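Remarks on the structure that follows.
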Amino acid sequence: MKLLILTCLVAAALALPRAHRRNAVSSQTQQENSSSEEQEIVKQPKYLSLNEEFVNNLNRQRELLTEQDNEIKITMDSSAEEQATASAQEDSSSSSSSSEESKDAIPSATEQKNIANKEILNRCTLEQLQRQIKYSQLLQQASLAQQASLAQQASLAQQALLAQQPSLAQQAALAQQASLAQQASLAQQASLAQKHHPRLSQVYYPNMEQPYRMNAYSQVQMRHPMSVVDQAQFSVQSFPQLSQYGAYPLWLYFPQDMQYLTPEAVLNTFKPIAPKDAENTNVW
């Protein structure tokens, strides 16, 4: 029974280093894959580069993790060597050394548990760092996309303004043409009116001077009426012969407002005019 127990312990001790080596190899491959992915991320264009401080902190954390992994590997190698030497000693030693080997196997199991826990922690930290890097990259991409959309909107607005300027110029030209056409039509209408209503001739006719004076005098009389004597004197004046004005109608020669003679005015013209104090005057 003791021999069976010893053989089982030896087989377990020999099998454990191989599992640790496999775990170490798998951790190395994962680290290489993560490093390759990080390199691909770093190879992206310059406008997607992260802030220097943030990148430096990430690199420091990575270096610490790699140092911890190296320490774990060294401890695993040393433990494997120790186990190999112990197995060689167990083969050469007698049954008295079985108790000592069992005592040595117990602390080696605790060390392996600690190593496994450290590896799990390192993997968790690496995954967290990768997530942070991806999140920062997504934020930068979103900001760049927003800037590109704003620039595109500004360019579209500028193009719309440039396209609108010719239309405004056309509208101004059309308005100017309409105003010119309106002015031309007004000038044409004025010329037609001048043709249908010609101006009075500006030639001087001396025979027509007296009717014009009579018309002006009648307008003044409407404002300031004359006395009876003045009316009589004005009515006695002889009119020129109408034979001289045969080429023109009669309404051009006589005023529109005719002044009729009253009998009192005619009688007053034949009375002698004397001053009121004629009795006191001395006759020479």
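These residue numbers are counts, starting from 1, taken along the chain as shown.
From the backbone N, Cα and C atoms, a Cβ is placed for every residue, glycine too.
Noted in Swiss-Prot for the protein shown:
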COMPBIAS  24-36  compositional bias 'Low complexity'
COMPBIAS  78-99  compositional bias 'Low complexity'
MOD_RES   Ser79  phosphoserine
MOD_RES   Ser93  phosphoserine
MOD_RES   Ser94  phosphoserine
MOD_RES   Ser95  phosphoserine
MOD_RES   Ser96  phosphoserine
MOD_RES   Ser97  phosphoserine
MOD_RES   Ser98  phosphoserine
MOD_RES   Ser99  phosphoserine
REPEAT    156-161  repeat '4'
REPEAT    174-179  repeat '7'
REPEAT    186-191  repeat '9'
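Its Cβ placed at the centre, Ser79 (phosphoserine) has 18 other Cβ atoms within 10 Å. Confidence annotation: the repeat '4' (156-161) carries a mean pLDDT of 83 in the model.
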